[in-house]
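Below: one structure, written as structure tokens.
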């Protein structure tokens, strides 16, 4: 691997879209042999890029505060974490099975080239992660790159990396990752490519299921900033004529930008913020592919300040912007929302509980349960070993890092009016003829987001049902459907066709249906389905492996019945169109015959009668169609009502379950307290009874001894002496009782002290066990390292023996040649001087070559000796540590 190296020479065909800025020093790459990870050593970033998340606000971590539902911010610990890393890239939305993919990024002096998969549970309260193996097509280590997800393809482009293209410039390859088969593919487009860069953004717009386009905008390379807009057709990436298209839009073009954000909504691109060559921007620009026009959006409300290195994502019809840093390198953790319909900004009220520390260079991912996931950035976010402590630590304690989630379910309450869908200044976001998706109030947020970005669909266009298509053409796929990628388009309803029919349609007999297959429809002939991928990998990661729920099976059955009705309706419509064509032909034939007989009025009357009959049949067909549609609508209403009732029941069950869990926890606490009190009472009661019994017995003895020992006083003096003795005895008894109580208290204190010492010893024992486990792991790692070192030493010794043998062979060859040369010198003394000189020159040259080979062998032998010595030293060091 070579170090980062980038020439300042830029092709002259880039035009006015390139503007100079300050250059950035280039990092150096190296290999980390310990974990087989490709790492790049860059120059140190600014101090603010390497800040530590210290005393930031956090959720309460005491065991008593278990009710975190009232917080919109929450923190989750990720044990095996790929973070911290800065200016990485991740998928902006989870997959159907709640997976997120993370690539690249920077931490301290290392640039990563690994790929991670983070999986979330259903409610987004816990996460697991695993590293994906690296293959030959995996992108090299990079930072500042851009990525997006399209169907089952995770797309990566650009970034600051050591890899150079054939012209010595930054890597300009496009990388496609199949999230099912975990394989990377590198397309090979022809013609001109966009320059490799970093700080740019890419987004997906699909005008129809057969054409998915990837848009690239902005970025920088050292002193050069970009505002060019380039598009690549992902649906044709395997075709030999696939290529990048350099657009030349009109309108109010944005300035050259880097470290901005770009999202796709309503088949348009929305660009916000970023750094220009002169300042930092907080403007919003919109690009309309249908018109190939840029426009600067005029917004209202509480607009964010100029920021860069922030993150954004689309939620319903809102563009969410989080974090970043301003012109003074002041970091932010504020959250802003732009209503893309009313073009009004809203700021999320600041709530300290659980909010992440100010950051930049992080990533933002939209989850299915109306939550945003914030990962990474310039802060370390190390987790604490205490399971209840959700504050960040300054050092890595082996417990992973913290992830942050933002709950958007109560967004309308926090920002009143934010979900308003009124259009701004008469602008319309309705569906165009080229396709697009306009969110509506009846569309669920999660599906809407997936439709707009993840797998865009064609609006109001019906795709043939299962029963209409021949076996083998059961699903649509774009050109991504092959051994590396498969992509299926969803099925939607189609508007009724008009009665105008092309005259080139072949006639069929009335009332017969047409079988729909690839042969009948050219659009199906261009589609291929990889049956192996469709049957295995595309369903490999779904939840169906655990069994299909009954309600889901019922829904699928209902949808299947609906599709069958639509297929029958399609056959009826086709037969009706054929019948219309035949009637039209009959009408024309009647007119033709009437014109021949010169009886125009009769022909006209017949024509009108035929038209009347045709219109009556058409009205009857429309009535039947209306009845079918009404029945379908009623079924859909019933289904919606059932689903709403089910959702209400589920929500009630969830609330009741939470209350039950809280009550059970409180009951457990009270039971434990009651048990402690009962145990204390049981310990104290016997002692108290014993003490009272002893006191009673002692007093009884005193009372019994008093009458027998008492004597009638003979005088007043004797009475005084007797009373004094009695008082002394009573006082002595009382003193003994006090001493007994003090001794008991002393014993109780000593018992508590011993219990505390016991708890301390247990804690020390637990710490020692943990340290022992860590030492065992270190010992295992050292043993593995020693084994690898021994293998390396053995290989080095074998190589050394090989070089020694070669050296001996060369020495023997030299001796043989010297002997032959001496013999031939004697023979050539008799020959002429010219021949003798040429022969000597030839042998001298051969001897010189052999000497050079001998010298190289000696050098290799010396280097192997040095390497062997270093390995022995390393082995000795490991043995000493062990």
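Backbone N, Cα and C atoms are what each Cβ position is placed from, and that goes for glycine too.
Swiss-Prot lists region 'Disordered' for one of the ranges 41-60, 61-80, 81-100, namely 41-60. Feature region 'Disordered', per Swiss-Prot, maps to range 480-516 of the set 443-479, 480-516, 517-553, 554-590. 153-207 is the stretch from 99-143, 153-207, 371-417 with the greatest number of Cβ pairs below 8 Å to the repeat 'Kelch 3' (213-267). Sorting each residue of the repeat 'Kelch 4' (268-317) by its DSSP state yields 0 helix, 25 strand, 25 coil. Remark: secondary structure over the repeat 'Kelch 1' (99-143) totals 0 helix, 24 strand, 21 coil, with classes taken from DSSP. Each residue of the repeat 'Kelch 5' (319-369) gets a DSSP state, and the totals for helix, strand and coil are 0 helix, 21 strand, 30 coil. The stretch from 99-143, 153-207, 371-417 that makes the most Cβ contacts under 8 Å with the repeat 'Kelch 4' (268-317) is 153-207. At the 8 Å Cβ threshold, with sequence separation of at least 6, the repeat 'Kelch 2' (153-207) comes into contact with the repeat 'Kelch 1' (99-143) through 3 or more pairs.
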